[in-house]
Amino acid sequence: MEDEEGSEYGKPDFVLLDQVTMEDFMRNLQLRFEKGRIYTYIGEVLVSVNPYQELPLYGPEAIARYQGRELYERPPHLYAVANAAYKAMKHRSRDTCIVISGESGAGKTEASKHIMQYIAAVTNPSQRAEVERVKDVLLKSTCVLEAFGNARTNRNHNSSRFGKYMDINFDFKGDPIGGHIHSYLLEKSRVLKQHVGERNFHAFYQLLRGSEDKQLHELHLDRNPAVYNFTRQGAGLNMTVHSALDSDERSHQAVIEAMRVIGFSPEEVESVYRILAAILHLGNIEFVETEEDGPQKEGLAVAEEALVDRVAELTATPRDLVLRSLLARTVASGGRELIEKGHTAAEASYARDACAKAVYQRLFEWVVNRINSVMEPRDRDPRRDGKDTVIGVLDIYGFEVFPVNSFEQFCINYCNEKLQQLFIRLILKQEQEEYEREGITWQSVEYFNNAIIVDLVERPHRGILAVLDEACSSAGTITDRIFLQTLDTHHRHHLHYTSRQLCPTDKTMEFGRDFRIKHYAGDVTYSVEGFIDKNRDFLFQDFKRLLYNSTDPTLRAMWPDGQQDITEVTKRPLTAGTLFKNSMVALVENLASKEPFYVRCIKPNEDKVAGKLDENHCRHQVAYLGLLENVRVRRAGFASRQPYSRFLLRYKMTCEYTWPNHLLGSDKAAVSALLEQHGLQGDVAFGHSKLFIRSPRTLVTLEQSRARLIPIIVLLLQKAWRGTLARWRCRRLRAVYTIMRWFRRHKVRAHLAELQRRFQAARQPPLYGRDLVWPLPPAVLQPFQDTCHTLFCRWRARQLVKNIPPSDMAQIKAKVAAMATLQGLRQDWGCRRAWARDYLSSAADNPTASGLFAQRLKTLRDKDGFGAVLFSSHVRKVNRFRKIRNRALLLTDRHLYKLDPDRQYRVMRAVPLEAVTGLSVTSGGDQLVVLHARGQDDL
């Protein structure tokens, strides 16, 4: 078992209890329930306690944790049982079954749903459409069957009032390809009457509260269930903790959607609800006696004939035939002459009720058969597709003990006796087969064999069912009291049978009414009132012919026996008890042919509240489920058995010879060495492939040793794993850095090779590589390329400059300085022409006034003593008022002069060069220049 459950959660398997007593069993059950552990094993049997609340135990994540695991690798869970059954079916090609039992309200239906959800989740990974269709039908069928077969009872808000066994067919790949549902003993008497605090079947309330107003009008129904006799008792109750209206309305929509998914046609769904409506109207029909001379010669009339009209309309049958069937019956005399015999009011009421029960039962059976027709495997050929395997899921009523127990409880408890007999027999058979397989000597196990009780019920000629059938078939009036007297005569010496007649001092039973059977689960007192009527289950042939002749094909299909002619001699139909006995015999034979898995469900309290476990109530269930006996059978001889490999895998760390891996000849030898080191070899037996352990204390000792070593091993593994991770990371980083280094080298070499290739022709004049495009460098070479680019530019400049005469070098330097200063602000700054500098002295540039300027220049040189003229030219001066004047500009090595060319170049202003602070130019075509001087006196 995985270490998710420590000792504080109790024993996960009741087989491991120190003492097998009811007190120890209940103490462990109580502890686990209080800790939220609702599942516990008894070997491979799962005990489930209904928590009456949603627990985070289910869903895709939980399914993934249990899928493919062994039963004991995870804490106890329904998914583990479902997985074990599925693995046995898929891997060993064995037909398996899961038997779910327990009393009403113990959670059997929910358990079967979770099993179905698990099977649906782990199958069909390839998403085949046909398999998905079958899975949808399997899941949706539960919703439909709950509507028509479940009801609210005092013990359970959603109690199954029928037994259900579902076979799921799988192909060789383990995918579901079909299925078949068997139903057992529908409690059809619930249609007529329910106990206080209970309801009729859910379908009636869902129809009334969930249908639209238009549909109710067409069915002549009122939304209030209290209007109808059959639903009046449960009108104010609901099927869940939510309001009745909301719950039934949502459920109605869910059922309609489920029927659509399954494959019911709209016409079939409409027929189903018409039949339900007809049953409700039929229940409201009352009969009144009339005088012989009145209009009704038969002496009986229907109090409200409008109800007859509605029943006729909804069943698609003639009104007069419906009325005739209610008021009289037709019998054939010995000469095959037909005689119509009128009913008394009591007989008519009995016929009406029998008809209502029969119609609902046939409707339920038709729904089951309709679902089966959709689920049947299609186009399967064993020679082509291989043998199909089956998983069966049995969800059937548990042992029932009420204040008044009638025929239904008798059948249900007989069913549980049969299943208990099978359960003990199969458990013992499994044990014995395993012992023989492993070469262990089989020891006989003491247990209570309930065959004597089963024989009391089903023995030919003298059994209770045989006596009941004889009473039903006898001529004359045979009452329930006479039936009881016959039982007393046959079984007065039987150890498990008694009655008030046989035990006059027992005042808990009434004379002429009660008998008691000592079941394996306890004593149950039955009232024989109604036994004969319920067993005979008689319905007049008139109703069968009436409904067979309906124009509704769905209703007609439910009554094939109605086609028999009234004069036709037929065999007496089998009684309800015999039919149920035959179905139980067939069920037991079916289960016995499969590998069984068991889920035993326990109801924790009668109040249906979460977190409460009533010890006395649970103690009673533990007794009648035979759980203690199951533990004793499982522990008879050996409490635990495990394959050697699995045993070593769990406990090898507790022995120096087996940790971390043994070097002995076999796993069996290694297990022997381990047990010898612990001194436990005397408490075990060695099979061919498994180790058998007698005492749970041996397992506890091994578990304690393992628990002490696990933290040390965990630390060791963590240390080793962290070191491994660090080494992996270091190796990866080294590899990354090596790759990066070689890649950088490659990029550098490739880039240098590309540079060499591109600049091979750079020495060719006159361009010297001016138009060459530099390749994009790697990031690491960007500074290198920037330096190369600078060196290349200087080299190219050198190549160009060395061909320039020395006389032009001053001008070249001036142009370079101008280019650096302007930085591209001027598009045309005269770099392509020769610079004369002193343009006003040039006769070419100033032909009219060059002489006057030369005289003015001589005068200024004498006056200011400058050495050289740096620049002179005509300009256009713009003042702050935007007035433009012609002026001349003279720049020497000492002054900046503004001259008036119109007045013989008279000096208008002289600015020392040290007073000039800067120069501004514009980038436009106006060629504007601003000379900045100190004192904000700019030119």
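Glycine residues also receive a Cβ, built from the backbone N, Cα and C atoms like all the rest.
Among the features that TrEMBL reports, ATP binding site is placed at G102, E103, S104, G105, A106, G107, K108, T109. Taken from TrEMBL, the feature domain 'Myosin motor' covers 9-707. According to TrEMBL, the domain 'TH1' annotation covers 824-939. According to TrEMBL, the region 'Actin-binding' annotation covers 584-606.
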TODO: Tally the residues of the domain 'TH1' (824-939) by DSSP class, grouping H, G and I as helix, E and B as strand, and everything else as coil.
DONE: 24 helix, 44 strand, 48 coil
Open item on the list: With an 8 Å cut-off on Cβ distance to the G102, E103, S104, G105, A106, G107, K108, T109 Cβ center, who else from the chain surrounds the ATP site?
Closed with: N50, N156, S159, G398, C601, K603
- [ ] May I ask which residues of the same chain, at least 6 positions away in sequence, place their Cβ under 8 angstroms from the Cβ of G102 (ATP binding site)?
- [x] S48, K108, G398, R600, C601, I602, K603, Q621, L625
Task: Secondary structure tally of the region 'Actin-binding' (584-606) (DSSP, helix then strand then coil) - done: 9 helix, 8 strand, 6 coil
TODO: Would you find the one among the binding-site residues S104, T109 whose Cβ has the most company, meaning other Cβ atoms within 10 Å?
DONE: T109
- [ ] Would you count the other C-beta atoms found within 10 angstroms of the C-beta of K108 (ATP binding site) for me?
- [x] 28
Open item on the list: Let's check the environment of G105 (ATP binding site): how many other CB atoms sit within 10 Å of its CB?
Closed with: 23
Task: Neighbour count (Cβ, 10 Å) for E103 (ATP binding site) - done: 25
TODO: Count the Cβ atoms, other than its own, that fall within 10 Å of the Cβ of A106 (ATP binding site), considering every protein chain shown.
DONE: 25
- [ ] Measure the Cβ-based neighbour count of G107 (ATP binding site), defined as the other Cβ atoms within 10 Å of its Cβ.
- [x] 24
TODO: Within the domain 'TH1' (824-939) only, compute the mean pLDDT.
DONE: 84
